[in-house]
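The block underneath contains the structure these notes are about, expressed in C-alpha cells.
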Amino acid sequence: MASPRLETFCCPNRDAATELVLSFQPWVFCGVCLGSAAASLAFSLLQLLPKKGRAPRKAPKASSSATILLLVSACDMLGALGIIFRSTVWLGFPNFVANISVVNGTDVWPAAFCVGSAMWIQLLYSAGFWWLFCYAVDSYLVVRRSAGLSTIVLYHMMTWGLAILLCVEGIAMLYYPSVSSCENGLEHAIPHYVTTYVPLVLVLVANPILFSRTVTAVASLLKGRQGIYTENERRLGTEIKVRFFKIMLVVVICWSPNIINEGLLFYLEMQPDINGSLLKNVRNAALITWIIMGVLNPMQGFLFTLAFYGWTGWKLDLQWRKSEIPWESMSTSTAAENAYGLPGENSVNFHDSKKTSIAPSHQTDEALSMLSEGNLGSDDRLTRNSPVYQGW
C-alpha cells in the first residue's frame, strides 16, 4: 500500500502513532499487501491483453484520452510491482528489515532499500493521480475542441515534472539532514505529508468539477449536432457520465481509508499517552483502516481497468496477426481515419460538395468518440448505427 507512514518507517526515531500501526501484525500486513498487489497486477494485465472473439478496434490516431488511460493503468501496475517487491523483502528477509531502524548502523543497504522502495511507490501513485487530473482536463478540452497534438506532451511534462518534484522535495524534507534524524519535529513531517496527498486532494476536488462541466458540454454538443436529442444521444451522454462516476468511485473507495487513517493517527499523536484506555476505540479504528489500506490501495489498478473498459473476459488472444493489406480496405480505413481526426483538423472527404455540411457533425463525433474510447462494452450497449461508433 501507499502511505507516507511507510517512509517514516525508515526513521529510527519515529513517532508513537507510526510505531503503533507499523508494529501491528507486520507479517499479516505484508501478506495482505503482497496478495492484493499481486492480484491487482495479474488482473490488470488480463484486462489489458487482447482477447479472443473481439474484433480489433480502430483507435484514434492522435487521441490523448486513450493514451492517458493506459498511462494511469501503467502507473498503478508499476506501483503494485513496487509493493510486491517491498512486501516480499519484508517477509523473506526479516533480519535485513530489522536493521533499517538501527541507529548508527554500518550497513547502509537496509536504509537504502527502505527509502528507495518508498520513493518508487509514492512517485508512481502520485503520477497516476496527476494523469487522472490530466484526463479530466483533456476530456473538457476535447469537448471544447481546444485539444491538439501537443497536449499529450504538455501532460507528460506536467505529470512527471510535478510528481518527481513533489516526491523529491517531500523525501528531502523528511530525511534532512540524514535518515537517522528524520521525524524529529513537525518541520520534517508536515511537508512530506503535504506533498504526498496534494495530488490525491486535487483529484478529489478538481476532477468532479471538470467531469461535471464536461457532461454538461456533452449534452449541449449532442443537442446541437442535429437539433434534436434522440434516445441514442441520451444513452451516449449517460454512458460518458457513468464512466466519470465510476472513475471517481474507484478513487474514493481506494483512498478514503488513507484519509481516515491519517486523521486518526494525527489525533493520536496530539495525545500525551496514546495507550490510554479512553483512546482504545481510536486505536482500533486506526489499525482496522491500516489493514483496509493494504487491501484497497494496490487494487486501484484493477478497479480502474474495470471502470475504463468493463470486464474484457478470460480468453486471451496472443497469436501474431498478419498485417492488413492496405488496398484491401482502403475505403473503410479512410473513412475511419476521417471519423477520428483531431478536433479542428481538416478531414479528407471524397465528396467536396458535402464537406462544409458534414464537417461540424464530424467534429462533434470526433470529440464524443474520444470521450467514449476505451470502453470496450459501449459499442454493444449503444446502437452501431450511431456515427460516433461507425469507425470501430
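Using the three backbone atoms N, Cα and C, a Cβ is placed for every residue, glycine included.
According to TrEMBL, the protein has these features:
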- 373-392: region 'Disordered' (REGION)
- 24-46: transmembrane segment (TRANSMEM)
- 67-89: transmembrane segment (TRANSMEM)
- 109-133: transmembrane segment (TRANSMEM)
- 153-176: transmembrane segment (TRANSMEM)
- 196-222: transmembrane segment (TRANSMEM)
- 243-267: transmembrane segment (TRANSMEM)
- 287-311: transmembrane segment (TRANSMEM)
Leading contact stretch, 67-89, 153-176, 243-267, 287-311 vs the transmembrane segment (109-133) - CB distance under 8 Å: 67-89
Beyond the flanks of the transmembrane segment (287-311) by 6 or more, those residues with Cβ under 8 Å of it: 1-3, 20-21, 24, 28-29, 32-33, 36-37, 39-41, 43-44, 47-48, 69, 72-73, 76-77, 79-80, 83, 125, 128, 243, 246-247, 249-251, 253-255, 257-258, 260-261, 264, 374-377
Range from 24-46, 196-222, 243-267 with the greatest count of C-beta pairs under 8 A to the transmembrane segment (153-176): 196-222
Tertiary contacts of the transmembrane segment (196-222), as residues 6+ beyond its ends and Cβ separation under 8 Å: 4, 122, 126, 129-130, 132-133, 136-137, 139-140, 143-144, 162-163, 166, 170, 229, 233-234, 236-237, 240-241, 244, 247-248, 251-252, 255, 258-259, 262, 364, 367-368, 371
